[in-house]
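Please read the structure below before turning to the comments.
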Amino acid sequence: MSGILLSTTLRCSRPLGALRLASITSLRPSSQFVGCVSRSILSGKPIKLTIPVQQFTTTPIKMASAAGGSHHHDKLWLLERVLSLGLLGLIPVAFLNPSAIGDTILASVMVLHTYIGFKSIVTDYVRPVIFGTVIPPIAQGLLLLLTIAVSAGLIQFIRNDVGIANAVKRVWAIKPAP
């Protein structure tokens, strides 16, 4: 009610203020804004087109202090980069010299790298604001269960079968049927 009262009193004195209040209250003051602007343009008065803007910052220090402390996301980011660089060297070594130890290290680094990537995706896109407070923890739990299942499957494959590197080599060695 007070917004409508304010928008009618500010109708021609501050056209941009009326527009801001129009977006809060109803559609009617926006049509009054158009008429007010056309009257001020016809009268030759200059229109002030500056709107005060509230400052917004996303610096890590302020966000961490606002959240109640730091969460060491910079160290997690560094771990992600180290894992990525490690994979660049580990994959060729695992294929040049296939062994159970090399395959186990390769599997654990690949699974950890994938888990961190999917965790950031789930954290960014399955937010409580969108999905409520129940679904995000369930999604995080499902991601953890899936990661454990993939780890167990890869370890079982390495111990009881040919291993990751030899399996990929066998797939590459398959010749198409004539």
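Glycine is treated like the rest: Cβ placed from N, Cα and C.
Feature annotations, courtesy of TrEMBL:
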TRANSMEM  85-118  transmembrane segment
BINDING   HIS113  heme b binding site
BINDING   TYR125  ubiquinone binding site
TRANSMEM  138-158  transmembrane segment
Counting other Cβ atoms within 10 Å of each residue's Cβ, which of the binding-site residues HIS113, TYR125 comes out lowest?
TYR125
Distance [Cα-Cα, Å, rounded] between the residue listed as 'ubiquinone binding site' and the residue listed as 'heme b binding site':
19
